[in-house]
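As recorded in TrEMBL, the features of this protein are as follows:
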| type | residues | note |
| --- | --- | --- |
| DOMAIN | 23-178 | domain 'Glycerol-3-phosphate dehydrogenase NAD-dependent N-terminal' |
| BINDING | GLY28, GLY29, GLY30, SER31, PHE32, GLY33, ALA159, ARG274 | NAD(+) binding site |
| BINDING | SER31, PHE32, ARG52, TYR69, LYS126, ALA159, ARG274, VAL298, GLU300 | NADPH binding site |
| DOMAIN | 199-338 | domain 'Glycerol-3-phosphate dehydrogenase NAD-dependent C-terminal' |
| ACT_SITE | LYS210 | active site, proton acceptor |
Amino acid sequence: MTVHSAFADHSTASRPSGERSLQVAVLGGGSFGTALASIAATRGAHVRQWLRDEQLVAHINEQHVNVRYLPNFAIDPSVHASSDMAFVLEQAELVLVAIPSGAFRAVVRQAAPLIGTETLLVSTTKGIEAGDDFHLMSQILEEETVSRHIGVLSGPNLAAEIAEGHLSASVIASDDDMTRARIQQALSCDHFRVYASNDRFGVELGGALKNIYAIAVGMAAALGMGENTRSMLMTRALAEMSRFAVARGASPMTFLGLAGIGDLIVTCSSPLSRNYRVGYAIGEGRSLEEAVEALGQVAEGVNTVHLIVDRAQRDGVYMPLAQALYQVLFEGVDPRDMALSLMRSEQGSDVEFTLPREAALDAQRRAARTHPNDSRDTLT
Ligand SMILES: NC(=O)C1=CN([C@@H]2O[C@H](COP(=O)(O)OP(=O)(O)OC[C@H]3O[C@@H](n4cnc5c(N)ncnc54)[C@H](OP(=O)(O)O)[C@@H]3O)[C@@H](O)[C@H]2O)C=CC1
Ligand SMILES: O=C(CO)COP(=O)(O)O
């Protein structure tokens, strides 16, 4: 097995000198949690990482490799893994939570008694909690802990590429300017940049929503659809994502940034994305269950699509791509039939923030009334 030492290669240039070390806790031993733990350590922080698998804990501490999630990369040797939550959180000033959405609340609840009002608390998870309440991860952090410094880290961040030292960037979103600035200090290094945003809700929704469309694009790729198709899907996905997020109070501008279009591009383009891989497998003819089982990790988009379609229906937000994916994944609709039906659906406005969708549709209705024989109905 070749173990690259990209983290170590970049550490010397990045480590600040003469500063008191920040105490960082990472909850979660998956690939992103591990990559972030290593980055924080190369920046000079004292890093403890919590995971529940004792064998993996021992391996990380002895071999400095996460054999399950990032087998080919050397973790900064100062990262200390443990399955003891109290030990990991003892004195932690910054806590990064990298746990899938299905287990997020339970883990945060376990950590909560050890988190103070001044602890910086950041979710890296791109999902939505199952249930009727439509809770994002940062809302869970707010509900379950007393921390006054809550943030969300999201962006085009394939963990394996970060681990390899590929130049990457992310967004820290928080209402609190000190939280944003301190996370930027703690995590930015020669191969990882961290930009700031005050639209926590928009950044978080961007990360959760793009997973849905990565499944759809993976499916289209496996079906042999071309680059025009990919581009159309991604751009219309962006329209849908921003429509949904804006209806829930986010800024449309956020979707022009790293946590919007940036993350959509990477997740819809790379077989390293778990969501893309699930879509690809389904496009090749596997069932959803087979695709998820073969992946062996969590593809958040599978649960997110269900929650988004439900919420969009209740709130009256038009989301044809998400709806179509839902029907393919859960109602047995053939993806090719679905593609044709989408091609025959309404053609509204390109960018709704310049030409509102209703205005475009209204003009089409008037044209259809005054020139009924010019073309087929575009509003079917
Ligand atoms: N991987 C990536 O490229 C990126 C991921 N993200 C986001 O970050 C989040 C974390 O991702 P990632 O690091 O890849 O990890 P995963 O989503 O693969 O999660 C794996 C970690 O969570 C632990 N875990 C799962 N269920 C539980 C539970 N019930 N109790 C305790 N621990 C549990 C796993 O433990 P065990 O091994 O014991 O099951 C493992 O340590 C994801 O939600 C993802 O959306 C964001 C950017 C990039
Ligand atoms: O969020 C990611 C990249 O930014 C990783 O996506 P996946 O969860 O699909 O692997």
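A Cβ is built for glycine as well, from the same backbone N, Cα and C atoms used for every other residue.
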Please find which two of GLY28, GLY29, GLY30, SER31, PHE32, GLY33, ALA159, ARG274 have the most distant C-alpha atoms, given that the record lists them as binding NAD(+), and give only that distance in angstrom, rounded to a whole number.
17
In sequence order, those binding-site residues of GLY28, GLY29, LYS126, ALA159, ARG274 whose CB lies under 6 Å from ligand 1:
GLY28, GLY29, LYS126, ALA159
Reported as an integer number of Å, what is the Cα distance between ARG52 (NADPH binding site) and PHE32 (NAD(+) binding site)?
16
Please classify the secondary structure at PHE32 (NAD(+) binding site) using three-state DSSP.
helix
CA pair LYS126 (NADPH binding site) / LYS210 (active site, proton acceptor), Å rounded to integer, equals 9
Do you see any of the binding-site residues GLY28, GLY29, SER31, PHE32, ARG274 whose C-alpha is within 10 Å of LYS210 (active site, proton acceptor), and which ones?
none
Please list the DSSP helix, strand and coil residue counts for the domain 'Glycerol-3-phosphate dehydrogenase NAD-dependent C-terminal' (199-338).
109 helix, 0 strand, 31 coil
Cα-Cα distance linking GLU300 (NADPH binding site) and ARG274 (NAD(+) binding site), given in Å to the nearest integer
9
Enter the number of other CB atoms within 10 angstroms of the CB of GLY28 (NAD(+) binding site).
25
Hits among SER31, PHE32, LYS126, ARG274, i.e. binding-site residues with CB under 6 Å from ligand 2, come out as LYS126, ARG274
At the Cα level, what's the spacing in Å between PHE32 (NAD(+) binding site) and GLU300 (NADPH binding site), rounded?
14
What's the number of neighbouring CB atoms sitting within 10 A of the CB on GLY29 (NAD(+) binding site)?
24
Among the recorded positions ARG52, LYS126, LYS210, ARG274, the one whose Cβ has the most other Cβ atoms within 10 Å is LYS210
